[in-house]
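Novice: If you scroll down you'll find the structure; I have some questions about it.
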Amino acid sequence: MNNNRFLLILILGLLSAIGPFSIDTYLSGFPSIAADLKVTVDDVSYSLSSFFIGISVGQLIYGPLLDRFGRKIPLIVGLVIYFVASVGCALATSIEMLIALRFLQALGGCVGMVAPRAIVRDSFPVQESAKIFSTLILILGVSPIIAPTVGSYMITAMGWHSVFWLQGGMGLLLFLAVVFFLAESKNPDESISLKPQHIIPSFFNIFRNPQFFTYAFAGSMVSGGVYAYLSGSPFVFMKMYHVTEQQYGWIFGFLAGGLILSSQLNNFALKTFRSEQIVRVVLTTQTIIGCVLCIGSAFDWLNLYSMIMLIFLFLCCQGFSFPNASALSLVPFSKEAGRASALLGAIQMGIGSLSAALVGALSDGTSLPMTAVMAACAVLGLTIFRVGRMILEKNDKVALG
């Protein structure tokens, strides 16, 4: 890998990590935030839901901007917003203020999640994209390994405000990296209209593309299961299984290791199998694991260690499905790569926010709400994939006459 390619992938990976980093560093601080702001942990979880919603909305805004103005200018603007909102979160004095600023923080930071997908589509051949996405996951995966541990120690030593100062620092560093080291991958296109009457139909055309719909929604349902885990894990591990904030950080990091490991094994799998084959096997496997988790929780069969191992296997499936489903969903698009990437990200985060909110709404003092939502997402993902593949194969037969 030459230096320019390595630097590009490194910057794209760090930009992609801004969302998970903004989540992982503060999860263990839920009890501290609740105590300081005199609210419940469930109230604090709404700041996570608002972050997910902000990312979903923001990506739809940045998609057309990335196609119209190129990739760098929207990145720079978004990172400035993220930095300012991070500072605001650090200074928040009420839960309402924190929830609102987390939404604004997500609106800025989500550009770092949508732009890398478009840049990969700009810069690499289709066959190479899945491998590049796997490499991005390697960088992305460092966040859930390091961030929870760093966040928990910072919260213990300096209070929960410190993690938002840390997030602001990351935003500033990424701003400098984009300005000085990231080359533009797509020239501005003045032919692209930013008027709603043109943008909305373009999103609709992308949405109804059978290949996009199949892989975007199947992959996003898998992500929804992961976000259900993110939302429910602080309660499950720290309240049910009584682990400390530091222990939770280590558990979180270990579980993220499954995501990293599988994403790199995906590169080897791609040498033998097609992306479609990998997605089929992984979705089936994840559905089985999700159902075992749900049944085990319902009958109280799972101890701390079995819960950890089953979630580890569940997350391993994400490492295979995400890069392949992402690459396959973007195949039909070139000029609309920014909008397609934005719509893909919005669907992922929209389903993620609904999953996270559903876990909170169903909270009953057990692990069942978390595991039930994880299982439901896996089942729906597999169903969408199988129905979508039937439609695609039928269309192929019609095209061949």
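Note: Cβ is positioned from N, Cα and C throughout, glycine not excepted.
Sharing the features that TrEMBL gives for it:
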- 5-393: domain 'Major facilitator superfamily (MFS) profile' (DOMAIN)
- 44-63: transmembrane segment (TRANSMEM)
- 75-93: transmembrane segment (TRANSMEM)
- 99-120: transmembrane segment (TRANSMEM)
- 132-156: transmembrane segment (TRANSMEM)
- 162-183: transmembrane segment (TRANSMEM)
- 212-230: transmembrane segment (TRANSMEM)
- 250-269: transmembrane segment (TRANSMEM)
- 281-299: transmembrane segment (TRANSMEM)
- 305-331: transmembrane segment (TRANSMEM)
- 343-362: transmembrane segment (TRANSMEM)
- 368-387: transmembrane segment (TRANSMEM)
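Looking at the shown structure, can you explain where the listed features end up?
Specialist: Same-chain residues lying 6+ beyond the ends of the transmembrane segment (44-63) with a Cβ under 8 Å from its Cβ atoms: 19, 22-23, 27, 30, 33-34, 37, 74, 78, 95, 98-100, 102-111, 113-115, 203, 227, 230-231, 338-343, 345-346, 349-350, 352-353, 356-357, 360.
Tertiary proximity for the transmembrane segment (132-156) is limited to same-chain residues at least six positions away from its ends with a CB under 8 Å from its CB atoms, namely 9-10, 12-14, 16-17, 20-21, 24-29, 32, 116-117, 120, 124, 162-163, 166, 245-246, 248-250, 252-253, 255-257, 259-260, 263-264, 266-267, 270, 319, 322-324, 326-327.
Within the chain carrying the transmembrane segment (212-230), a Cβ under 8 angstroms from the stretch's Cβ atoms is held by residues 23, 27, 48, 52, 206, 279, 283, 286, 290, 311, 314-315, 317-318, 321-322, 325-326, 328-330, 332-333, 340, 343-344, 347-348, 350-356, 358-359, 370, 373-375, 377-378, 380-382, 384-385, 387-389, 391-392, all 6 or more beyond its ends.
Same-chain residues lying 6+ beyond the ends of the transmembrane segment (305-331) with a Cβ under 8 Å from its Cβ atoms: 117, 121, 126, 129-131, 133-134, 136-137, 141, 211-212, 214-216, 218-219, 222-223, 225-226, 229, 233, 236, 241, 251, 254-266, 269-270, 275-276, 278-279, 282-283, 285-286, 289-290, 292-293, 296, 337, 340-341, 344, 367, 374, 378, 381.
Listed as Cβ neighbours of the transmembrane segment (343-362) (distance under 8 Å, sequence separation of 6 or more from its ends, same chain) are residues 42, 45-46, 48-49, 52-53, 55-57, 59-60, 63, 110, 113-114, 117, 203, 206-207, 212, 216-217, 219-221, 223-228, 230-232, 326, 329-330, 368-370, 372-373, 377.
Within its own chain, the transmembrane segment (368-387) is flanked in space by residues 214-215, 217-222, 224-225, 228-229, 231-233, 235-236, 279-280, 283-284, 286-287, 289-291, 293-294, 296-298, 314, 321, 351, 355, 358-359, 362, which lie at least six positions past its ends and keep a Cβ under 8 Å from the stretch.
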Novice: Cβ under 8 Å, sequence separation of at least 6 from the ends of the transmembrane segment (162-183): give me the contacting residues as numbers and ranges.
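Specialist: Cβ under 8 Å, 6 or more out: 7-8, 11, 14-15, 18, 21-22, 25-26, 29, 71-72, 75-76, 79-80, 82-83, 86-87, 89-90, 105, 108-109, 112, 150-151, 154-155.
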Novice: Flag the pair the transmembrane segment (99-120) / the transmembrane segment (75-93) as in contact if three or more Cβ pairs fall under 8 Å (sequence separation 6 or more).
Specialist: yes
